[in-house]
Amino acid sequence: MLDRFIPEFDRALRAVAGVTRASRPNPADAVIASAASTNTADNATKLSEADRRHAAGLMRVNHVGEVCAQALYQGQALFARDPAIRTQLDEAAREEEDHLAWCAQRLQELNDRPSLLNPLWYAGAFAIGAVAGRLGDKISLGFVAETERQVEHHLDGHLDTLPEQDTRSRAIVAQMRDDEIRHGDNARQAGGIDLPAPIRQAMRAASRVMTTAAYRI
C-alpha cells in the first residue's frame, strides 16, 4: 500500500497545483493548424468579453471535473482488489491527466484561473473514490460508469452553450467527451453494475453543487 501511496500523493499534489503534463497533443492545436493551412483567422481569439467569461467559467468547471476525476480514480485504484481493474483505473486516470492539462492551458489562454476550491474538490472526490473502492470492484466500476455517463451529459451541455467561435474550447470538450464515453463503456464491460437510483440522484445533486460553485469561484 505504501508503495502506491507515495506516487499517488505526488500525483495529487500535481493535480491540485495544476502542473500536470499531457501525454497526447492538445486537440485545440489542430484548430490553429487548420486556420494556418487555410489562411483563416482563429475566431477563438475574437471572443467578446461576455463570451470569454462564459467560456472561462465552463472550462473552469471542466478543470474542476478533471481534478475530481484524478481523485476519484486514485481513491478507487488504491483499494481495487483485482490488479487488472487497478491497471484499468490507472490508465483512465492518465488520460484524465491529459484533460486536466488541456483545460488548464485553455484557462490561461482565456486569461482566467482554475477554481480556488480545488483542494476541497480533490479531498472530497478522493474520499468518495476510496469508499467506492472499498465496496468492491463491481460497485467501484459501476460508480465509474455512472460518473462518466453524467459527465458525458454535462459535456454535451457545454457543447450546446460554448460560443460557436470558441473553436479551441469546443475541440477540447469534444475530445474529452469521446474519452469519457470510452471510459464508461470500459467500466461496464469490466463488470460494473448499475447503481441504485438514490445513489445516482445523489451524484447528480453533488455535481450540480460543484458545477455551480466552480463556474464562479
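Every residue, even glycine, has its Cβ placed from backbone N, Cα and C.
Taken residue by residue with DSSP, Glu180 (Fe cation 1 binding site) is part of a helix. Annotation comment: Swiss-Prot describes Glu66, Glu96, His99, Glu180 as Fe cation 1 binding site, evidence class sequence analysis.
As annotated by Swiss-Prot, Fe cation 2 binding site applies to Glu96, Glu148, Glu180, His183, with the evidence given as sequence analysis. Within the same chain, residues at least 6 positions away in sequence whose Cβ sits under 8 Å from that of Glu148 (Fe cation 2 binding site) are Glu180, Ile181, His183, Gly184, Ala187. In the three-state DSSP scheme, Glu148 (Fe cation 2 binding site) falls into the helix class.
Residues Ala69, Ala92, Glu95, Val144, Thr147, Val151, Asp179, Ile181, Arg182, Gly184 surround the recorded Fe cation 2 site, their Cβ atoms falling within 8 Å of the Cβ centroid of Glu96, Glu148, Glu180, His183, which are themselves excluded. Neighbouring residues of the recorded Fe cation 1 site, listed in sequence order and excluding Glu66, Glu96, His99, Glu180, comprise Gly65, Ala69, Glu95, Glu97, Asp98, Leu100, Val151, Met176, Asp179 (Cβ within 8 Å of the Cβ centroid). Counting every protein chain shown, 25 other Cβ atoms lie within 10 Å of the Cβ of His183 (Fe cation 2 binding site).
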